[in-house]
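Pasting the feature list from TrEMBL:
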TRANSMEM  B:20-39  transmembrane segment
DOMAIN    B:24-373  domain 'ABC-2 type transporter transmembrane'
TRANSMEM  B:186-208  transmembrane segment
TRANSMEM  B:236-257  transmembrane segment
TRANSMEM  B:269-289  transmembrane segment
TRANSMEM  B:296-316  transmembrane segment
TRANSMEM  B:353-377  transmembrane segment
Amino acid sequence: MSETNQKGLLAVWLREIRFIGSDHSLLLTVLIAPLLYAFFYGSIYINKEEQAVPLAYVDADGSELSRTLAVQLNSLPVVQLVSVANLDDARGMLASGEVQGYLFVPRGVQGQLLKLKPADIVIALNAARFLPSSDLLAAVTKIALTAGAGVRLQYLKSGGLTNAAAMQQVMPVNLDYRPLFNESSSYGAFLLPGLLALILQQTLLIGISVSVSKEWTRGRYGEWLAAGGGRTGSAVAGKGLCYVLLFACFAIFFTVVNYHVLGLTVKGSRIELMMATLLFLTVLVLFGMFIGSLFRSTVATVQFMAFSTYPFFLVTGYSWPFAYLPRPLQAFASLLPTTPFLKINTAIVQMGSPLHLQADALWHLVALAMLYAVLLVARIAWVRRKESLGV
Amino acid sequence: MNRLFHIIWREWKRYLLLPYLRRMLLIIPVILFFFYAWIYQEQEIRDLPVAIWDEDQSDISRRIQFLLEQTPSIHITTSVTDQAVLQNKIMSGEISGAIHFPRGMEAAVKSKHPVTVTVYTNAAALVPAKLLYKDAARVIITAGSGVLLQQYLRSGMATEKAMALVQPVKVTAYTLYNPTFNYRYYLVPGLVTVALQMLFIMVSALGINKEEEEGSFAEAWRIAGASPSLLLMGKLLAQVIFSWFHFILIAGILYPLHHLGQPGALVKFFLLHNLLVLACTGLGLFLSVIFRDVMLALDAALFYTSPAFVFSGFTFPRWAMPWYDQVYAKLLPYTHFLDAYIKTYTMNSPLRYGIMEMLMLLLFCFAPLSVAVLVLARRYRSPIAFAS
């Protein structure tokens, strides 16, 4: 890089720092919001998984079996049984949201079992929200299977088998579940690494795009380019570098402090994660500058960025598998830097994958960096020509 | 009354003529609502790629594989020979999980020794992992039951008794309000209504300050007869009535088109919709009066509204959050709207089950609005102050 370019880059960089310092909206977005959001959002999932989901329990049998079922269910951390006198009350509690479901043990269940006839118990769940209903169903199924195994054990022992021999025949095929890379299958451990990356992305995008659009609205486009020595490259690099460095500090802070507070670990190499993050931030800056250059109003820029947060996250394949998006949305998602980065981030943070195994996603980021650099330079050239901003 | 109609009419003209309002109220909602429904076009996840690690190569392991392939979420795409290969394939995204059959499984089953089938999933992607586990567990439990049934029948036990012993406690599950765990049915109404909340707070957060900045506030003030309460009431009603367009868009087009919602509970949804818009507009106008800097008001609105979806407890229950997050969740109108929406609309329970939430939404509207009236009255109490 020539000395003129270096001077231009430094001049734009210093100008941007002064700009951020003097604009309280920008200051709020790029300095305070990332930290506040990271602690604020992150704390929601600090417990990682839900516990004590309220489940109404209607015991019409009043037997030893029904009491045992209740004790066993209550011993599971995920369930909090609420004893209810009858089904009408249970339905009322479900309708009012006091419980997320009800378990009904009909009269005569134990009698059926003693006669070696199948005993039916009924569970009704509110599946309007997925997590509590699926957790409750899994818990009740587990207890029913355990109770069933207990019945078989007693039967086999009554036939003269020793406890050890009976135990061997109770469950001929057992299931060993190994959820890899998130051993407790917790919602928090799954969501938090992606969420922190998303916070980094959206605050950076809002900051850089607002900064660029403010150059427009305040009629300072020419001044910005002039500060870069009239060279688009220096002007873009100077402004962009300011945000890349700032957000790289946030990224390090998140993976050290926030991860520690939230009980998350980086299973792979931190250096490789940082390298990928730096590339990601570079693409984001180019993308954000390009988006910002499209709007002539700062309000419009904020409106666009605000309403893009959820759609951008939902199409990345993080919460809903990428392959299940409609084809045009897959193409759209491929244009977002978050899509390849979240793949790399998950692989390194949660799976401990080496970076070279994520070469596809890495090349994807490089391709996006080139695409947005070309689009941005073309857009600035077009603006310069149109507005006769040649300096 | 005439003044009130004038303010409402003026507001509607502004919605259509000013680009930043037209964009927010007409263009963004149309794109956003249908975009959300489009994301979840597939509705359910099916045929996830799964590897088989079969060390037994027996009749039993092949039969279980056949049953696994019949489930909605499992599609066997490859086989592996050890755990390292399995993990690498999961890391590279080639497979979502794997099933392992141990060596000597069939022999063990025949000699009445227990065997263990292992299910591996990539739990870093929680949704597919849970689906895989659910289907694989069902097949393996069924296979175990089949083995038991054959053993009991072979020993001369009566069929009914054998069946009862195989599954002594049978659970009949009713998953109400979304029996197939359809993701579109689950997520789209939540995403659409949270966008509505953001929309109305962000639009009304520009209701006063933007007029002050643009210099059109004097006109609004004159039409309102220098009455801050009339001016804010006019802006509030204009937004609520205009939001019926969004209600028609959601309940009249989006929901029927994608088979969402409860057509029988439309009136309850309409009531809740109006209450949500009232609450959001009241809060937004308050921000607009307090923050005279437009960008700062917009930032405050954005910061306040954007976490609403996660704090509402829609995807992760509020009772699992720390107490301070639960308190913050209660400070968001969307939380109350969502609770009432699920109870009275999704579950179609009587309105009385959502009465507390509805009262809270009214409080969210009128408490900040009253403060805004006082601030505005104080700010423009004299013509000199107005001129300055």
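Cβ coordinates are placed from backbone N, Cα and C, and glycine is handled just like the others.
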In the same chain, which residue numbers or ranges, 6 or more beyond the ends of the transmembrane segment (B:236-257), come under 8 angstroms Cβ to Cβ?
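For the transmembrane segment (B:236-257), the nonlocal Cβ contacts are 4, 7-8, 11-12, 15, 25-26, 29-30, 33-34, 37, 188-189, 192-193, 196, 199-200, 203-204, 263, 266, 269-270, 273-274, 277-278, 281-282, 285, 365, 369.
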Are the transmembrane segment (B:353-377) and the transmembrane segment (B:269-289) near each other by the rule of at least 3 C-beta pairs under 8 angstroms (pairs 6 or more apart)?
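As far as Cβ distances go (cut-off 8 Å, pairs 6 or more apart), the transmembrane segment (B:269-289) and the transmembrane segment (B:353-377) touch.
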Cβ under 8 Å, sequence separation of at least 6 from the ends of the transmembrane segment (B:20-39): give me the contacting residues as numbers and ranges.
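Result: 14, 184, 187-188, 191-192, 195-196, 199, 202-203, 206, 210, 242, 245-246, 249-250, 254, 257-258, 260.
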